[in-house]
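Below you'll find the structure, written out as structure tokens, and then a few comments.
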Amino acid sequence: MSTLKRWTLKEARALFDMPFLDLVFQAQQVHRQHFDPSQIQVSTLLSIKTGACPEDCKYCAQSARYKTGLEKERLMEVQQVIESAKKAKAAGSTRFCMGAAWRNPHERDMPYLEQMVKEVKALGMETCMTLGKLDDSQASRLAQAGLDFYNHNLDTSPEFYGSIITTRTYQDRLDTLDKVRNAGIKVCSGGILGLGEEVKDRAAMLVQLANLPQPPESVPINMLAKIKGTPLADNEDVDPFDFIRTIAVARIMMPRSYVRLSAGREQMSEQTQAFCFMAGANSIFYGCKLLTTTNPTEDKDHQLFRKLGLNPERLSVSMGDQQQEDVLLQAVAEKDTEQFYNAAL
């Protein structure tokens, strides 16, 4: 069995310093060794609990500390989540990610979260959640419910992190990733560009991710969505070439991971997105809203896919659509009615 490469910051910086076209070419070569370059994984992200988060992440509209005009909402009812998942599947998504604006899940919410996972899986979709910090018991319960992926981003480098967040340490994030991995759940973890970081911070963040005991199976790279009312609302835009470079370096350093274009895609031109796919991005979030920010519409995505000759990746499942529907209906029929309909309470 081959051992995973341990990356140094010097090596990562050297990749960032490569001539742009050479870097993209190398990234595309690496990409083709592990993935079909014509396939794009399509994921949908739903905010199942919005706003009133106690954390102070300076980029986030969901923080209760900033006046962004975002209306807080309680945890969605399970039935609402399943209806959204059905629509996402019909639109072509194979993975459904559920995000909640919490520091960590409350124990009273765990049964509803577990049920969401079970019923989305009954649709034949991959499941992902992002709920903040987890303890060992919570990670184990989500794993037993069948959760495929857990998202918990590192955001930036350890050195720059304290300039962006003070209510949760970098080690807290690494500890949550360890708990997720130990529970048998796949890891989704990436970062954000445009926070005011330097190239060395982008390199250091990717080194942290690549050098985890096992690199994340999924690496979302976000471009800061500047939200009025947050401390970073007036930050400078990220140069598209710098964003593409980061995608390419992520692909080279984590060759077997899905590299996802996440927040900020609404602001990207088709040409920038195309270069990102050339640089090794092979996953997108799909749909009208990405938590609390806009995202390109499905029609625009389909048009771009056609222009580039790309196809949405299909998820292999063991059950046919009718079997999946039968499983879902049976799961609903067996549910405690009060829990199913009053998950928001």
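Cβ atoms are placed via backbone N, Cα and C, with glycine included.
A 10 Å cutoff on Cβ-Cβ distances gives Cys60 ([4Fe-4S] cluster binding site) a total of 24 other Cβ atoms nearby, all chains included. The feature [4Fe-4S] cluster binding site is assigned by Swiss-Prot to Cys53, Cys57, Cys60.
Within 10 Å of the C-beta atom of Arg260 ([2Fe-2S] cluster binding site) sit 25 other C-beta atoms, taking all shown protein chains into account. What Swiss-Prot records for Cys97, Cys128, Cys188, Arg260 is [2Fe-2S] cluster binding site, and it gives sequence analysis as the kind of evidence.
Annotation source Swiss-Prot lists domain 'Radical SAM core' at 38-256, citing sequence analysis. In this model, the domain 'Radical SAM core' (38-256) carries an average pLDDT of 89.
Between the alpha carbons (Cα) of Cys97 ([2Fe-2S] cluster binding site) and Cys53 ([4Fe-4S] cluster binding site) lies a span of roughly 18 Å. Looking at Cys57, Cys97, the binding-site residues in this record, the fewest other C-beta atoms within 10 angstroms of the C-beta turn up around Cys57. Separation of the C-alpha atoms of Cys53 ([4Fe-4S] cluster binding site) and Arg260 ([2Fe-2S] cluster binding site): 25 Å, rounded to the nearest whole number. Cα to Cα, Cys57 ([4Fe-4S] cluster binding site) and Cys188 ([2Fe-2S] cluster binding site) are separated by 19 Å. Put simply, Arg260 ([2Fe-2S] cluster binding site) is 19 Å from Cys60 ([4Fe-4S] cluster binding site) when counted between their Cα atoms.
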